[in-house]
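> My questions will all concern the structure given below.
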């Protein structure tokens, strides 16, 4: 990555790194109102047929993902110009999506600073082993890794563990404001859920909230997974790692159908987001279109993204993702 190219990209992104209060408020309205409306309809549909409830839950889950995107932008201080406004809206959105604002903002900033860096894995990312690391790993580590990477566990049990357990505790070394925000979020979640159970009964609440939680959780983890797990992604050791290359080569352009692109807050333009995290979600598409240099970034579609399920290990020699079968091929190669 030449300095000239870096300067050009930064210059192209600057006009879009500005929060627009009217757009942000409008997005809050066109996200929160449909979500709570669909949630209410799902509740009333319980008296008709549960299949109708599930159908409405799928739509509500889509809007819950959209709420998370707003939460995500607040964590980057890109949704509003005011840091205070970002923290207030982010904390409220965090209660709805059961994510602690300050704690997640910290981990996610580390993710941005270390994404695709093989020597700085472990915070805010998905567990990844290289082929060599997997070959040298113990039997128990291999079993644990295979279980972790199993789609049923990652997209099924993953949301349950992450949202209900991991998100409820502070990281070691967290400062007091961060810890207090986590406690506030936990209290807010308990209060909200207790109120809803009191209002409509715990059975009705769980019948509506559970599918919304599971569907949105699985879809959210899928979006994060697929945007960094594609065949010719970018991973380098620290000495060779470069931020801009990690952003535009190690983050995919997930080209979704327009309705899904809107529902997911343009997060498919993940290369733009990693290149310039201060660009609000509603400006990501424009930022992408404005740059000729971003027109040839790694692009995946809804169909081709399914291939990523077979990508389990990073091959440092070939610089591509491979499956477990590649390990057998490496073992057959004689050592010279």
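Keep in mind that glycine also has a Cβ here, set from the backbone N, Cα and C atoms.
Automatic, uncurated: that is what TrEMBL annotation is.
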> Which one of 207-226, 227-246, 247-266 shows up in TrEMBL as transmembrane segment?
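My reading of TrEMBL: the transmembrane segment range is 207-226.
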> For the annotation transmembrane segment in TrEMBL, which listed range does it cover: 5-24, 25-44?
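TrEMBL lists transmembrane segment for residues 25-44.
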> Which of these ranges is annotated transmembrane segment in TrEMBL: 184-201, 274-291, 292-309?
184-201
> According to TrEMBL, transmembrane segment applies to one of these ranges: 50-73, 122-145. Which one is it?
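So the range that TrEMBL calls transmembrane segment is 50-73.
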> The transmembrane segment (207-226) and the transmembrane segment (147-164): do they have three or more Cβ pairs under 8 Å, with pairs 6 or more apart in sequence?
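Yes; at least 3 Cβ pairs under 8 Å.
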> Could you tell me what the rest of the chain brings near the transmembrane segment (25-44), counting residues at least six beyond its ends with Cβ under 8 Å?
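Counting only partners 6 or more residues beyond its ends, the transmembrane segment (25-44) has Cβ contacts under 8 Å with 53, 56-57, 59-60, 63-64, 66-67, 70, 89, 200, 204, 208, 212, 281-282.
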